[in-house]
Amino acid sequence: MALRNIAASVLFVMMVLCGACSGAVYRVGDSDGWTSRGLVDYNKWASTKDFHVGDTLIFAYNNQFHNVMQVSDQDFQSCNATSAIATYTSGSDTFTLKRPGHFYFLCGAPGHCQAGQKVDIKVTLPVPESLIPSPSPSPYGSSSSASHQEQMSPRSTLSSAPTLNSCKLGFAVTAFVLGLLGFVF
């Protein structure tokens, strides 16, 4: 009986650790949300983020006045909302980025896309920790290493390493628990 309690505890820890493997969550427009009032330049907002496969977008808006439509590049450029790939209308819609590439969203309410309520989300694969170059020592008095560090995204240098390590730990715990359960039962 005690062994089953230990196995249950290990499974709980495994679930918690595997939860750390999920991607980042972004609220589109940050605190302003998804609106046509001109408060947010959505493409400027998106350009300051590093979106990766597994990340989630949250569109928060008043669904009496707005919606979210996923469209093609051509429809995005022309603000054409008549042939959407998908339409969301709940007022709090989540979209998980499942592949690399561009995802185009706009509001289908008349005039809203033309007023700037549209966003192009460029998604890349996460960069494994082992592929991130470490800064090389620079000659005395040179600042090339410092400028190289500034050009690297903080997300790829700071956030991906703990996430990848948590995932590895989660997989190790999973393998351990499955082995334990296979041995015990």
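Backbone N, Cα and C define each Cβ position, glycine as well.
The shown structure was predicted, so the numbers you read here are calculated from the model rather than taken from an experiment.
Taken from TrEMBL as is:
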- 133-147: compositional bias 'Low complexity' (COMPBIAS)
- 148-159: compositional bias 'Polar residues' (COMPBIAS)
- 24-125: domain 'Phytocyanin' (DOMAIN)
- 133-159: region 'Disordered' (REGION)
- 1-23: signal peptide (SIGNAL)
Checklist outcome for this item: The DSSP breakdown of the domain 'Phytocyanin' (24-125) into helix, strand and coil residues is 15 helix, 35 strand, 52 coil
Checklist entry - What mean pLDDT score does the domain 'Phytocyanin' (24-125) have in the model? => result 96
